[in-house]
């Protein structure tokens, strides 16, 4: 069939047959994605995806919306705390529902098929490709900046470079899981080194007495709830990726141990680095210089490193490439898991017979991201991405609260104190509602309409299982062309 039929057994019991088999009509021998992601690769996946373009591009926007250095630093610290709380809540969900797919699989198992389909539809077609497009656009900005000294890079060159980045990632991730995680580990090490250079440079400047940016630090703080909400969006964009490990739970070695441990190492490390990097920026530049800088890290490099400033452009390009690799790695998995559950065309649930990677799902994510690159700009993509992401984060966290209250008997190897998911849920509600109340924008209405447009596809294709015959033929031809076959679920 073109859309795989879902099983309707009790979703929250891991002894259920849904973990061990797919449709028996599709053959006895099944492919499985391997459990190849250990603790170091897990920390790299989280930290490597989080440290992308955000810390090199968002500081000026956080400062712009908050109005002064001290309150912008508070926003950065609050964003780190919120990411940590969210990740700890997801760690408990990941030890109850030991399946890949992140929010999608949690919404499916707790709330059922319809809301999970709306999430998959929005995430696979819009949110994940938008996130990937934004990171690749910032990679392109920094990668080609040295070729256009003293002027802004032409948009055609930026978009072509971003498209080339996506195509390179598609090849890497389709060839081998181990190759993709090795790329992640190498680039994470490179970007940590780049951030340490900025931190040390900042500490040297502070030791020399360059503290003028921090005098009267809270003067002129913005008070509007909408402005604070948008500042949070820009800050949280830099922390996006805290939930990435939950998308690949089935590929983790010992997920019940690896998942919480990797989160507790990666997120505090990233938060401390981000705060120190922001302090370094403000030590090297006045707030007005920072606000007028198109690429904060490059301006910092010009001021502090002099003739070695090119190192910063190179580091940022490496950093954003590594981050986009992590985003792509996890984004393809959402598409793959949704197809495996019958919410996307069946071809997307298949894996390459030799490489054992979900290549059709990766190719689809790549194609959608290329469309986003042609049509979008960095800032608009970030604000739109954050609104939708926090809408579904809030829904997922409310699912965890439901399980903690109604199903405390479910086995879980890790428990988060109930106050933490409550704080995250309150923050999610604020982040979704604040920009709507304070500065309503027509784009948000378009996004909401897009989410609910999924109803048009859900009822005929998923609920009533209408499968057009021509799609079955297309699936068969694509299966032969891409050398892919159905996969079995992996019970941990």
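Cβ coordinates are placed from backbone N, Cα and C, and glycine is handled just like the others.
Database features, via TrEMBL:
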REGION    1-28  region 'Disordered'
COMPBIAS  1-10  compositional bias 'Basic and acidic residues'
TRANSMEM  37-58  transmembrane segment
TRANSMEM  70-91  transmembrane segment
TRANSMEM  103-124  transmembrane segment
TRANSMEM  160-180  transmembrane segment
TRANSMEM  186-207  transmembrane segment
TRANSMEM  262-284  transmembrane segment
TRANSMEM  304-323  transmembrane segment
TRANSMEM  360-378  transmembrane segment
TRANSMEM  384-403  transmembrane segment
TRANSMEM  415-437  transmembrane segment
TRANSMEM  443-464  transmembrane segment
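The transmembrane segment (443-464) shares more Cβ pairs under 8 Å with 103-124 than with any other stretch in the list 103-124, 160-180, 186-207, 360-378. Ranked by the number of CB pairs under 8 Å to the transmembrane segment (360-378), the listed stretches 37-58, 103-124, 160-180, 186-207, 384-403 are led by 160-180.
Below 8 angstroms of C-beta separation, residues 39, 42-43, 45-47, 50-51, 55, 59, 69, 72-73, 76-77, 80-81, 83-84, 87-88, 90-91, 192, 195-196, 198-199, 201-203, 205-206, 210-211, 213-214, 238-239, 242, 245, 290, 296-297, 300, 303-304 of the same chain, each at least six residues beyond the ends of the transmembrane segment (262-284), sit close to that stretch. Residues 83, 87, 134-135, 138-139, 142, 177, 181, 184-185, 187-188, 191-192, 195, 234-235, 237-242, 244-245, 248, 251-253, 258-259, 261-263, 265-267, 269-270, 273-274, 277, 295-297, 316, 319-320, 322-327, 329-330, 378, 382 of the same chain, all 6+ positions outside the transmembrane segment (37-58), place their C-beta atoms under 8 angstroms from a C-beta of that stretch. Below 8 angstroms of C-beta separation, residues 33-34, 36-37, 132-133, 136-137, 139-140, 143-144, 251, 321, 324-325, 328-329, 332, 352, 355-357, 359, 362-363, 366, 369-370, 373 of the same chain, each at least six residues beyond the ends of the transmembrane segment (160-180), sit close to that stretch.
Panel annotation: around the transmembrane segment (103-124), residues 6, 11-12, 93, 97, 243, 246, 334-335, 337-338, 341, 343-344, 364-365, 368, 388, 392-393, 395-396, 399-400, 402-403, 450-452, 454-455, 457-458, 462-463 of the same chain, lying at least six beyond its termini, place a Cβ under 8 Å from a Cβ of the stretch.
Only pairs six or more apart in sequence are counted, and the transmembrane segment (186-207) with the transmembrane segment (304-323) gives three or more Cβ pairs under 8 Å, enough to call it a contact.
Same-chain residues lying 6 or more positions outside the transmembrane segment (304-323) and placing a CB less than 8 Å from one of its CB atoms are 48-53, 56, 135-136, 138-139, 142-143, 145-146, 165, 183-184, 186-188, 190-191, 193-194, 197-198, 201, 205, 241, 284, 295, 297-298.
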